[in-house]
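Asks: Once you've had a glance at the structure underneath, I'll fire off some questions.
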Amino acid sequence: MELTHRSKLKLLAGLGAAAILPAGPALAQGYPRRPVELIVPFAPGGGTDLVARAFADAAKAHLERGIGVVNRTGGGGAVGLSEIMAARPDGYKIGLGTVELAMLPHMGLVRFSADDFLPVARLNAEPSAVTVKADAPWKTLGEYLEHAKANPGKIRVGNSGTGAIWHLATEALADKLGLRFNNIPYEGAAPAVTALLGGHIEAVAVSPAEVSAQVQAGQMRILGVMAEQRLEAFPDVPTFRESGTDLAIGTWRGIFVPKRTPAEVVETLRQVARRTAEEQAFRDTLKKLNLTWAYLDGPQFAEQVKAEDATFKALMTRIGLAR
Amino acid sequence: MDNLHLLWGGVQTLATHPTAILLSIFGVAAGIVIGALPGLTATMGVAILLPFTFSMDPVSGLLMISGVFFGGIYGGSIPAILLRIPGTPAAAATAIDGYALAQKGQAGLALGVATISSFIGGTLSVLILIFLAPILAGFALKFSASETFALAVFGLSIIASISGDSLVKGLIAGFAGLLVASIGLDPMGGFPRFTAGYTELFTVPFIPVMIGLFAAAEVFKSMEEGELRARAMAQIGRLLPSWPQLRGLTGTLLRSSGLGAFIGAIPGAGADIAAYVSYNEARRFSRTPENFGKGEIAAISACEAGGNACTGGALMTMMTLGIPGDAVTAVMMGALVVQGLQPGPLLFTDHAELVFTLLAGMLFCYLVLLALGLGSLRFIGRVLMMPRSVLMPLVLLLCVVGAYAINNSVFDIGIMLAAGVVGYFMQRWGFPASPVVLALIMGPMAEASFRRALSLSNGSYDFLWTRPITVALLALAAVTLLLPLLRRRKGGGPGGTPEALPATAAGKE
């Protein structure tokens, strides 16, 4: 039914275009003829959803037909990502992919792999920030890591769920330096931050935005961020790299399409994503929401996804998460 | 006193701010509609409206969102009472007595009590937020995994209160619920359990199960009635409780509001838990506990006051600690941040003027809720005048749409229908549905926090008896579960079932 309807539409559209529009190379494909559906694998109101809605809003000026945001939640992103992977590769159902698409496949939980997606553009990225209470004995990252070395398994580090990116960030650190932490999974970052505030755990590894309120109030201290460069919002916090640990790990969110999407459609989307991401309004909205703008064009983004996919695979195999 | 002064300043600012007033009215109205439609939640409403607030001034935007939040929690009670469709998990508790009362032809009274109790519970919780926030805020931090575990166990013990006629059947239903709750991703290790390879089952589709068990089961039951009579389902009856009735609810309202605000302040615990706990405590303190489950207005009042009082508690944790306790407050926190107000300990002092205008506006939102609620009840109650042969298919349609809307998933419709069939047979054989819902809410919470507590203590079980709050809650759970058994032993005469006894006793009076 879907097919006949669509082909009818295409036929009508084609006739319409032939009759009214002067033929041009950009219009040859006529994409998009109807609104584009943007699948968000997480619930309304979360960081991923907010990025998607801000993007859809700003894209109005560049994509005539507009973008509709659809939340397909469940399974820590697995349900929505599966749907993006299985979507008809025609550019009418695209997805807001997150770092989970390079993680879930290694856990044996899903039928897709990172290769099933074609990155169009990265929109946002957040590094992992190792955060402790303000009255903690460790003033610097070095002191903290030294303590961890002397007391293996004693430091309790809260994360947003087993196998989630912040858990892997802690594991990557442990793996790199031969340390051992007691990882405590919570249902999301907020409960982990609460537990740290209440003194039930010693540290959390979550995104800087998730602790910024407490840091500004002087209740918590970020010891270091696993980013390439220092953050605009926290210029005093050193990166891990500066402190001698070569580690940059965090979440990212971007526009993805299924693998076999036609090149012209991908090209159109890439242009739209670039122009949208460069809109001042989009950047301002992200900033207001405490999200870091991190546009990266499709090809470079694809390299990053590929590299991280390999890193995660190796790491998850080593720590026994891979199946 | 200082706060009173600031609040008065807030009221005055608000009075000169017609946009904010109009938008809060709009927010409450939208919230009630969203809450009343099964499958649409306050979280969704808030998330969808959030982008519109970017361009508004802070007070207007935040009040509109608060209105949706408040209205959404109250709105769930309307279909729960009228049609046994719990629009929200909290409303599943309201449905127990609300629907029973509606079936007795007193739907109006049930709705009226629900509206007034929501208003009082919500207002008291905002007042608690205004005057006691600094004192109570730290309390949320005392709750570690072991306390949350104890709270969940206490929640599970409430099965004893909502089992209706047979405690054994209630426990069976509860354990079945716990089994269902174990489907999905293991909360600590992330392993899939009993999912048969369906990613859709990674998280238990809780709301479809609830809609199925309550509403769809009711529709299936109605098919049994041989002739499809074109009669009206029930009368609406009077809307407002009488003065003595209302006075009789004072204790329940105060207790439930306090409990609700308290529970709302604990991260991870929300209106659903507050509603069930309030129900349990109302029954414990009631002089007629045998009426609970059969259309007791104190039960409706407790659930609604408790559920709505959560709003103030949740806002307190979010505003003073910068920690959102649930999805709605997470979105609201986003809204605050967007407006340049960083939630946290400094919010009340750095932005006192704005915050107190906001708090005054929240009180206003609850007034609007009362007015809109009472004003529309007569009209909403008309639903019941529809012939059953028209109404019941419509209810089923709503169930399907609602189950789909939660995750935009056709799979969930199947879950809902399956739950409906199960619910039908449960009803037929006298198994209550609410213990299943309770188990689905509390089971995963109990499991995750127990195992988390074990991780935190490096494998030692000491947390079960060394932490005072944990011990108190576990003791409370034991009392709740054992009390009905003790009562039975005391009252169990020969021949008469224990449940029949209070009824005959009441008959003699």
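Each residue, glycine too, has its Cβ placed from N, Cα and C.
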Asks: What range among B:90-109, B:170-189, B:230-249 does TrEMBL describe as transmembrane segment?
Replies: B:170-189
Asks: Honestly, do the transmembrane segment (B:259-279) and the transmembrane segment (B:201-220) touch, with at least three Cβ pairs under 8 Å and pairs 6 or more apart in sequence?
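Replies: Answer no: the transmembrane segment (B:259-279) and the transmembrane segment (B:201-220) share fewer than 3 Cβ pairs below 8 Å.
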Asks: Counting only residues 6+ away from its ends, which parts of the chain sit with a Cβ under 8 Å from the transmembrane segment (B:465-486)?
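Replies: Residues 142-144, 146-147, 149-151, 153-154, 156-161, 167, 280, 284.
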Asks: For the transmembrane segment (B:62-82), name the stretch out of B:20-50, B:119-141, B:148-164, B:321-342, B:436-453 with the most CB-CB pairs under 8 Å.
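Replies: Answer, by Cβ pair count: B:20-50.
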Asks: Is the count of Cβ pairs under 8 Å between the transmembrane segment (B:389-407) and the transmembrane segment (B:20-50), pairs 6 or more apart in sequence, 3 or more?
Replies: yes
